[in-house]
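Feature list (source: TrEMBL):
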- 38-62: transmembrane segment (TRANSMEM)
- 117-138: transmembrane segment (TRANSMEM)
- 150-174: transmembrane segment (TRANSMEM)
- 243-266: transmembrane segment (TRANSMEM)
- 299-322: transmembrane segment (TRANSMEM)
- 334-354: transmembrane segment (TRANSMEM)
- 360-378: transmembrane segment (TRANSMEM)
- 385-408: transmembrane segment (TRANSMEM)
- 428-452: transmembrane segment (TRANSMEM)
- 472-494: transmembrane segment (TRANSMEM)
Amino acid sequence: SLQGAECVCADPGSLFILSSSSQKEPKKKQQLSICNKLCYAVGGAPYQVTGCALGFFLQIYLLDVAQGSPSSTCSPFQVDPFSASIILFVGRAWDAFTDPLVGFCISKSSWTRLGRLMPWIIFSTPLAIIAYFLIWFVPDFPQGQALWYLLFYCLFETLVTCFHVPYSALTMFISTEQSERDSATAYRMTVEVLGTVLGTAIQGQIVGQADTPCLQDPNGSALASEGTNHTQSATSLKETQNAYLLAAGVIASIYVICAVILTLGVREQREPYETQQAEPMSFFRGLRLVMSHGPYVKLIAGFLFTSLAFMLVEGNFALFCTYTLGFRNEFQNLLLAIMLSATFTIPIWQWFLTRFGKKTAVYTGISSAVPFLILVAFMKSNLIITYVVAVAAGISVAAAFLLPWSMLPDVIDDFHLKQPQSHGTEPIFFSFYVFFTKFASGVSLGISTLSLDFAGYQTRGCSQPARVKFTLKMLVTIAPIVLILLGLLLFKLYPIDEEKRRQNKKDLQALREEASSSGCSDTDSTELARIL
């Protein structure tokens, strides 16, 4: 040991020269492989597949399929419309509330061998698929069905939030390079749009027989013919219930496969400056800092209006096609055209935002829907033009899908530069953005339902009064146009342009190198002191 000490002390300057030269070595750019990006992107499918199936089919399932005993005709065995509305509204409200709640819990989590976010994804998955399956299961007891569906709907929304919020925040921990995060986000958005197509296709094809024929006369004798053959009706209802269970099983299997791929193919990477912090910031202090960060408030305000616009179109699209345009049998094909168009144009938008900047992409992408919405508002029913509009709408939907998740990391980077001692706030950023998005969804649902109710909407009618058709046209065209224009005006206030983003990137890189150098210097000094 003495010889070793003498050997080190023989040329003490060489130790410092070696240390200085090692610090000056440029760091290699941290790149993600295509496999890493695909594994990360696949993790976005479960939320979209299940959300699409629930969004399009849960209401009709509760009203027409969720009957306790197919052989019985007693009213307590089925969910009435009022109970169904309570289930859907409370479920959406609870879903929005759980996002900041889960974000709070994640912010208090400590790093483990698997990371800080991955344990939430791993342990919530098996419970989520059980709850999802039970949503589509008809319990065999005469009372309390509404409570059953409310319980498992809220439970599933809680568990899928425990998956989706950490998955969304994972964007900040797969790489420290902005370009790599943007590229991974583009992969993710492509898979999520494919997830919506997959959810619609699986649920629609398997439970297609669950469609209920319309009533020519809501007050007439058509209802009387429903009870003419109870045995055939009971058999058909049972087959429909089994079809819903089969669809739930297929979608639950996709959920598990995607979660496994995400867990095995992605590793969290901790920021260098985070490792030097003694303890994480409290949630409420972090929330106060996040909500007082100007770029974040302006970003979510802009996307709140644009999201509300697209959700109004989404929520009323089926009714608009059925009653206003008269394309009752073309709804699923038009929806497929929108989603496929969005899927194929997401890579184009990724190239566009890289080439021209994200703010330019926002103005171009989201505003591109306005001319086609105007066309729909003033044209007569024409199937070919409707398909053209559907494809064009998909292009704008792709931009609305991609850009928020691509711009949020830039806001978080800006926050880290202004608050370098604040770490662990990423889940707060993402969870509150999701909260406001779901809030917009709830608002659009309430506005649509109340407007149609005031206009005199006739449940299960083959046609609707002129006032209902006009209201649907306003909800799908004029109202979204106004909201899009308001959102674009708010984006004018968003301060992070391409020049600011590049400067933030340089400053963050300098901060990371300083943190790494500080860590290396501390280690070298400790080792030298021990040797001396």
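Heads up, the Cβ atoms here are built off N, Cα and C, so glycines get one too.
In this chain, the transmembrane segment (150-174) lies apart from the transmembrane segment (360-378): fewer than three C-beta pairs between them fall below 8 angstroms, excluding pairs fewer than 6 positions apart. Most Cβ pairs under 8 Å to the transmembrane segment (334-354), among the stretches 117-138, 360-378, 385-408, 428-452, 472-494, belong to 385-408. Of the ranges 38-62, 117-138, 243-266, 299-322, 385-408, the one with the most Cβ pairs under 8 Å to the transmembrane segment (472-494) is 299-322.
Long-range contacts of the transmembrane segment (117-138) within the same chain, counting only residues at least 6 positions beyond its ends with a Cβ under 8 Å from a Cβ of the stretch, are 43, 46, 50, 54, 58, 61, 65-68, 102, 106, 109, 145, 149, 152-153, 155-156, 159-160, 162-163, 165-167, 169-170, 173, 241, 244-245, 247-249, 251-252, 255-256, 259, 262-263, 266, 268, 427. Contact count against the transmembrane segment (428-452) (Cβ pairs under 8 Å) is highest for 385-408, out of 243-266, 360-378, 385-408.
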